[in-house]
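**Q** One structure coming up, written as structure tokens, with questions to follow.
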Amino acid sequence: EAVAAEWMLEFSCSCLCRHFAEQSGAEFWRWRDVAQALINGLSQIPPHQKKTVYLCQLLIRIAQGKSLGLKFENDQRISPLESALSFWTLLEREENKLEKLHEDIRRLIQIQIIAVHMENRYFKEAAEVLERLFTDSESDKPLRVKLATVIKTKDPYVPLLQSFSYSLLISKIKSYIKLSMKENETNFLIQEATKHVLSQGLGATALLNRAVEVNEDDKSDLESKQRFVLSIILLRDLLGKMQNCCLDVDSSLFWIYIDYLLGLNNMQNLGKNRVSLACSRRRQRWTHKEDLELKSGVREFGVGNWAKILAHGNFNNRTSVMLKDRWRTLSKIE
């Protein structure tokens, strides 16, 4: 049970990180409850899971950092962000790298603790927090003096607080999450689940060999790989239900769904009558304006980045595969 709980906690932390990064509120709160229940069930934190626990607790508090009414500590004076700072300190002790990112996040949390109090007009409390946050070390003195001056102005919109905003803090936390997730791509439950999905659904290996327009960042991203596996299974089932239709695995409909499920296209490109839409795409002529959009996209993003060109361009019901084929045709003509 202890080993299984460890795997579940790792997986819960991975889900928390992903949904925090994607700003998926409902999913984030659902996995927060799961992670918190698992953490509460630990009699003590195993040394190799300290970082996982600290990261979960940090994200939960950062996500609710502006809610001063929430209390995570027995000391009622401690705000969510001040509690988050304590877990960030514990995380720093578990790592010997990323010193610059660590320092940036620490300063942003400290500044935002003061900023949130000031936004709520709690100026006295902000001054008390300042005394708790900073020691007498010389390295802290410049920031401490600046924040003391800001509190005296009683203005929550001074340049210092605007420059080191809450959105910047979230952005830095996302950068840290990205690095953490890259380190933990070997998550046991994800590996086993992927094996199970493959064993249950992938009989046609030719589908995996078909080129899909994904940029290099997406290829290296664990989530994209998982979504690709699941999309192939869904597509197999879809095409299986359309036996009376003329479509095969090379049809436009197949690749429209690939684009959508990989997040490389917009659902708006799928009409209510998907079959007629797919058929219309196959015989739809390219306009001069679309050709110009394609050329402009290639100049900006480079040949091969069809998904990115599609996302930023103004095309009429096209897929990334269509863009690639059209570019090949234009290259031959020119």
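The backbone N, Cα and C atoms fix where each Cβ goes, and this holds for glycine too.
TrEMBL: automatically predicted annotations, no manual curation.
According to TrEMBL, the feature domain 'Myb-like' maps to 278-331. Per TrEMBL, domain 'HTH myb-type' is recorded for 280-334.
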**Q** Take every residue in the domain 'Myb-like' (278-331), average their pLDDT values, and give the whole-number result.
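**A** Mean model confidence (pLDDT) across the domain 'Myb-like' (278-331) is 80.
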**Q** Going by DSSP, how much of the domain 'HTH myb-type' (280-334) is helix, how much is strand and how much is coil, in residues?
**A** 39 helix, 0 strand, 16 coil
